[in-house]
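Worksheet for the structure shown next.
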Amino acid sequence: MLPAAMKSLGLALLALLLCPSPAHGLWCQDCTLANSSHCAPKQCQPTDTVCASVRITDPSSSRKDHSVNKMCASSCDFVKRHFFSDYLMGFINSGILKVDVDCCEKDLCNGASVAGRSPWALAGGLLLSLGPALLWAGP
């Protein structure tokens, strides 16, 4: 009966890995940089539901300078309200600045991801390690 117990335990572990877990907080890339892509992962506050990436460019500049802001946020609307404030709108409407806001809801989705954080990668690793034992146990 031990092989059946191992099989049940393996299936239970697999189910835990494949089900979304609200217990951990969202992780986002966090930085404010000019012409760089080096950001650090940051665990967001429980009230933050999105990762945001904001790119501010000067379309008239021949140097193509830009500023990149990556952060945790409570909503994409909040980020847009912040970056499209009355102060910046004058520059945006006159064509001096261009602001692009992108939001997403998965860990580290606003920048380079960290290897091995995907639940599918974890599930695949579990199947590769437990698969032979489950097959050996048989029905």
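Residue numbers in this text run from 1 along the chain shown.
The backbone N, Cα and C atoms fix where each Cβ goes, and this holds for glycine too.
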Cys72, Cys76, Cys103: which one closes the disulfide with Cys44 in Swiss-Prot? Cys72
Show me the subset of Cys31, Cys39, Cys44 whose Cα is within 10 Å of Cys103 (disulfide bond); these are the disulfide-bonded residues I mean. none
How many Å lie between the Cα of Cys109 (disulfide bond) and the Cα of Cys51 (disulfide bond)? 7
Lowest local Cβ density (other Cβ within 10 Å) among disulfide-bonded residues: Cys103, Cys104: Cys104
